[in-house]
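J.: Structure provided below as structure tokens; questions to follow.
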Amino acid sequence: MTTSHRYSKTRTTFGLWQLIQLAPALLVVVGLFGGALALALLQSLGFAPWFGINEFPNPNYFLALWSEPDFWRSLWLTLYYGLASTVVGLVISVPLALTFERRFRGSKTLLALTRLPLMIPYTVGIALALLMLGNGGILSRLAAGLGLITDPGEFPRVLQTHWGWGVIAVYVWKQVPFMTLALLAVLMGIGQGTREAARILGASQVQVFWRITLPQLMPGVVSASLICFAFNVGAFEAPFILGGGHPETLPVLAWRYFNDANYTYQLQGMAVIVSLILVSGSILVGYLAIVRRFERVRGKAP
Amino acid sequence: MTTQGLRRLSVGQRLFVLAVLAFTVGPFAPLLIQSFAFRWAWPDLMPSVWWFEQRQISPFPLAWDYVLSPTSQVLEATINTVGIGVAVMVVCLIICLPAARVLARGHFRGKRRLEFVFSLPLLVPEAAIGIALLMIFIGLGISGTYPGVIAVHLIPTVPYMLRMLTSVYQGLDAGYEDCGRVLGANEWQVLTRITLPLLLPGVLAGALFTFLVSTNLFLLTFFIGQGKIVTLPTLLFSQISGGAMGATAAGIALIASIPGLILLVLSDRLIREEAFALGIGDT
């Protein structure tokens, strides 16, 4: 979001009063959030005096973790869930936002209804997935009603597998409303003028979508997918309940290490967490860099 | 394509909206049925035995009888969820109002970097923060306490609240405040008589959204609450973590959806779409 420069174009100095006003928010973000990051990093490098361990800096927790093939399998699984849910969510949200951009009969009510999952906890979404997608679930019953299957075992296994469609369904269910809301906000900001001009000048619907709508939507697509991807790779409860067990996603793996009776495993758990932050962080930075470059090529950014 | 008035949807668009609704809202129908079921065998589309047919002869409370009984902890969890949500909302507002003012009105070097720092909690996986913070909170002795849970709920809510309030402040014309000062109002009067009433719609939207995020949080409550603080999402998690869904779990899932349903009706009037233009990509 750009700053409004309506009142003064001059830079005001950043004084003590400003700092005092920012202090509580900084305390939360730098103190709590930053503190947690710093502690995770220190601990994963062998700093845990409360366990009588102080071998900082000791890279062995990382080296031990990274040498296990299981860790890499978990990492791929985590990234797969994160990426697949984000992409599927976008594929649904972009046309949905475009459909709801202009009012039609009942559009307000229908839009509010599509927004329902945004308001409801993920755990409810997991409960719904168990109810709908299990082998004895509603979809399986409907398939039986249509005569497609005669035994619950014949229904394709959706939950507790490593393809993870159950996990992905829950994330998509919850994130489509969020993405749609963010995209609608962008669409309302840009208006329909450019698109209509292009239509009048003879561009086809497909051309308008790829050449105008999508580039204009990019800021919304980027921020919505960044937030959703970051959330999805931190997914815990959905893979925990709906996932296929071993290998597990990194957050679940970290939680298991953390709850192990052998407390030195906690340091290993912290190494899992730091690795997760490093990987997801570099993916997000890389993604932003690609977007920046893309915009520069198109001449949108300096 | 007309620019004004209502638009007609094509058949494809209608089917698409219907499919999305079936996906987002549809599963609640079987959830409701499940909460009243006693025996619901495959492949029946309706339960063969209902809960109210069995409740007289059952030696222990079934389905809604159990959900609404004190042993289920539903009441405790509801009070905790709403109480923590309100506390987080209030603390978050107090923290974010002054900060949003600085971010909206000030023009200083490094402001965009600061805004980026404030959005970082949205970009780092929650699980990572949760486990690391648990270590700190155990050290401070506030794990498993209300202050601990409220503090940890601030991490995902402050970035949203700051963004929403900053955009609200940017839309507020500082001229009104100057007018008040010129006419002799002191700073307190300016704040309570001019700034806050003008900010109210945006503040309300931000507050509702914060409440919503807090009541939906599972992971951070689960980690920091240490099982001592039960909220609706954690209670439901403990019911379904085995991977099975019974009538009790369905009932709790429905109760866990009630705050969201109420907010859905309210937010239709209060939450402005523009507030969601998150704009992290252009930082």
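Each Cβ is built from the backbone N, Cα and C atoms, and glycine gets one as well.
Unlike curated entries, TrEMBL annotations are predicted automatically.
If you look up TrEMBL, you'll see A:75-289 marked as domain 'ABC transmembrane type-1'. Taken from TrEMBL, the feature transmembrane segment applies to A:20-42, A:79-98, A:119-143, A:163-190, A:265-290.
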J.: Looking only at residues six or more beyond either end of the transmembrane segment (A:163-190), which have a C-beta under 8 A from one in the stretch?
T.: 77, 80-81, 84-86, 88-90, 92-94, 96-98, 100-101, 114-118, 120, 122, 125-126, 128-129, 133, 216-217, 219-221, 223-225, 227-228, 231-232, 235, 238-239, 242-244
J.: Residues sitting near the transmembrane segment (A:20-42): Cβ under 8 Å, six or more positions beyond its termini, same chain?
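T.: Same-chain contacts beyond the ends: 56, 270, 273-274, 277.
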J.: Near the transmembrane segment (A:265-290), which residues from the same chain, at least 6 beyond its ends, have a CB less than 8 A from one of its CBs?
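T.: Residues packing against the transmembrane segment (A:265-290) from afar: 37, 40-41, 43-44, 46, 48, 51, 53, 61-62, 64-66, 71, 75, 78-79, 82, 222, 225-226, 229-230, 233-234, 250-251, 253-258.
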